[in-house]
Amino acid sequence: MGLLLRSALFKYIIIVLIMLNLRGYVLAEQEQGSQIPLEEIIQVGVTRNKIMTAQYECYQKIMQEPANGKEGHFCNRTWDGWLCWGDVSAGVISEQRCPDYFQDFDPSEKVTKECGKNGHWFRHPDSNRTWTNYTRCNTFTHEKVKTALNLYYLTIIGHGLSIASLLISLGIFFYFKNLSCQRITLHKNLFFSFVCNSIITIISLSAVANNQALVATNPVSCKISQFIHLYLMGCNYFWMLCEGIYLHTLIVVAVFAEKQHLMWYYLLGWGFPLIPACIHAVARSLYYNDNCWISSETHLLYIIHGPICAALLVNLFFLLNIVRVLITKLKVTHQAESNLYMKAVRATLILVPLLGIEFVLFPWKPEGRIAEEIYDYVMHILMHYQGLLVATIFCFFNGEVQAVLKRHWNQYKIQFGSSFAHSEGLRSASYTVSSISEIQGTTYTHDYSEQSNGKNCHDMENVFFKTEKQYM
């Protein structure tokens, strides 16, 4: 009973001291309030709150942990003003991560505290007071700020290029009606998910990275934007999975699917990613409710990354099985259609490892300043240039798209040439019109058959319905 009373009294004393300390800070702020900007006051308040919370938790830990039962000299557990230190054997240098109280402190660096051989904490010779070595916390701050700024601009440029290339690709798909088919519809949804993700990423980075006061106040809107970002990131990968499932159904089980129902793809691509995003939001608010949910130092991110990795693995399995079937068909029948499908599969097969490698590298962040910097640059390129990569492979390198663009470009050149010839008066109007009509018809037929072997998007989807099951 006496022990409980003493513990409660000690807690009360700690709380009173903290409150008195806080009152002194508030009075000092009121005296100088007219001179200090609001953003700095908010930041200082957040820093003090973190320190006082850590101080209270440290005193709780000091009281509740059992006494050190080891033999020999040791340094007693203590609070040094910023960090909590446990019992340390004599002659040992204890270390832990730097705190994140201040903007110029790097939490990835280490703080050290030396326990002397006599069982007393090291005292600094200048002040003769116990001393903790925090010097490494801001030794490389300037270099890391430069790196962070470079990564910020790299990210913004990557998403800007992604948005531009994806919008151009969507314009091509919507403008040229002869490209319309179910596979292109899946491409459109995939591209749109990447556009939305890039837009929300740029908005979030512009608002958060340049506004520490916003992060300090921790508004709900900040967390909502992070929730939307994680949801859209999931949509990117599940629409990639839809691409793989569609091709697998079309090529491997085409006998059972004359026309696929896209509603299931919409549910998988737009609906399913809501589940892990909502679970992550609830778990984050309960177990790791950091400001704006921007920290990556939590295993709760695997709630998002786990389903994405599963989608990538399933997609890879489907694509490898498709390649097996196509190779079998090529060996037996030497069909030209199999070559066309192989080109379509090859694009997806290239993208899946490129989009998934970031999740392979994510848990393996190396130690060391230079290695970490290289890792950060590689990860940012892999993560933030995905939209540009998707648009390039699925649209700009697409043979059908290139054939359509070339055909329309040739038509434009012919029409422009006819207008120029007409203005010069080189031919009569009737002769010019009839000649151009003949040339246009000839150009259209020759160019398209040469590029696509006489097959369009719908032909490619339907050709495998006619193949024999023995090659499956």
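Just so it is clear, glycine is given a Cβ too, placed from its N, Cα and C backbone atoms.
Because the structure is a prediction, the values reported are computed rather than measured.
Residues annotated as signal peptide in Swiss-Prot, with sequence analysis given as evidence: 1-28.
Taken from Swiss-Prot, the feature topological domain 'Extracellular' covers 29-149 (among others).
If you look up Swiss-Prot, you'll see Cys58-Cys84 (among others) marked as disulfide bond, on the strength of similarity to another entry. Reduced to three states, the DSSP call for Cys84 (disulfide bond) is strand.
The disulfide bond annotation in Swiss-Prot covers Cys75-Cys115 (among others) and rests on similarity to another entry. Counting only residues at least six positions away in the same chain, the Cβ atoms of Phe74, Cys75, Val88, Ser89, Ala90, Gly91, Val92, Ile93, Ser94, Trp121, Phe122 sit under 8 Å from the Cβ of Cys115 (disulfide bond). Cys115 (disulfide bond) falls within a strand segment according to DSSP.
The N-linked glycosylation site annotation in Swiss-Prot covers Asn76 (among others). The DSSP secondary structure for Asn76 (N-linked glycosylation site) is coil.
Long-range Cβ neighbours of Cys137 (disulfide bond) (same chain, at least 6 residues apart, Cβ-Cβ under 8 Å): Cys98, Pro99, Phe105, Asp106, Glu109, Val111. The annotation disulfide bond is assigned in Swiss-Prot to Cys98-Cys137 (among others) on the grounds of similarity to another entry.
Positions annotated as N-linked glycosylation site by Swiss-Prot, on the basis of sequence analysis: Asn128 (among others). Sequence-distant contacts of Asn128 (N-linked glycosylation site), defined as residues of its own chain at least six apart whose C-beta falls under 8 angstroms from its C-beta, are absent.
Annotated N-linked glycosylation site per Swiss-Prot: Asn133 (among others), in sequence order. Cβ neighbours of Asn133 (N-linked glycosylation site) (same chain, under 8 Å, six or more residues apart in sequence): Val111, Thr112, Lys113, Glu114. Under the three-state DSSP scheme, Asn133 (N-linked glycosylation site) falls in the strand class.
What Swiss-Prot lists as transmembrane segment is 150-174 (among others).
Residues annotated as topological domain 'Cytoplasmic' in Swiss-Prot: 175-185 (among others). Here the topological domain 'Cytoplasmic' (175-185) has, by DSSP, the following mix of helix, strand and coil residues: 8 helix, 0 strand, 3 coil.
Residues or ranges marked as transmembrane segment in Swiss-Prot (evidence: similarity to another entry): 186-208 (among others).
Among the features that Swiss-Prot reports, topological domain 'Extracellular' is placed at 209-219 (among others). Across the topological domain 'Extracellular' (209-219), mean pLDDT in this model comes to 71.
Swiss-Prot lists 220-248 (among others) with the feature transmembrane segment. Sequence-distant contacts of the transmembrane segment (220-248) (same chain, six or more residues past either end, CB-CB distance under 8 Å): 182-183, 186-187, 189-190, 193-194, 196-197, 200-201, 203-204, 207-208, 214, 260, 265, 268-270, 272-274, 276-277, 280-281, 285, 291-294, 304, 307-308, 311-312, 314-315, 318-319, 321-322, 341, 344-345, 348, 351-352, 355, 386.
Residues or ranges marked as topological domain 'Cytoplasmic' in Swiss-Prot: 249-262 (among others).
Positions annotated as transmembrane segment by Swiss-Prot: 263-283 (among others). With a threshold of 8 Å between CB atoms, the same-chain residues lying at least 6 positions outside the transmembrane segment (263-283) that come near it are 186, 189-190, 193, 223, 227, 230-232, 234-235, 238-239, 241-242, 245-246, 300-301, 303-304, 306-307.
Distant neighbours of the topological domain 'Extracellular' (284-299): 208, 214-216, 218, 222-223, 226-227; these residues of the same chain sit at least 6 beyond its ends, with a Cβ under 8 Å from one of its Cβ atoms. Residues or ranges marked as topological domain 'Extracellular' in Swiss-Prot (evidence: a curator's inference): 284-299 (among others).
Residues 180, 184, 187-188, 191-192, 194-195, 198-199, 201-202, 205-206, 209, 376-377, 380-381, 384-388, 390-392, 394-396, 401, 405 of the same chain lie 6 or more positions beyond the ends of the transmembrane segment (150-174) yet place their CB under 8 Å from a CB of it. Compared over the disulfide-bonded residues Cys58, Cys75, Cys84, Cys98, the count of CB atoms lying within 10 A of a residue's CB peaks at Cys75. Counting every protein chain shown, 15 other Cβ atoms lie within 10 Å of the Cβ of Asn76 (N-linked glycosylation site).
Panel annotation: around the topological domain 'Extracellular' (362-376), residues 108, 140, 143, 147, 151, 305 of the same chain, lying at least six beyond its termini, place a Cβ under 8 Å from a Cβ of the stretch. In the topological domain 'Extracellular' (29-149), helix, strand and coil residues by DSSP number 43 helix, 23 strand, 55 coil.
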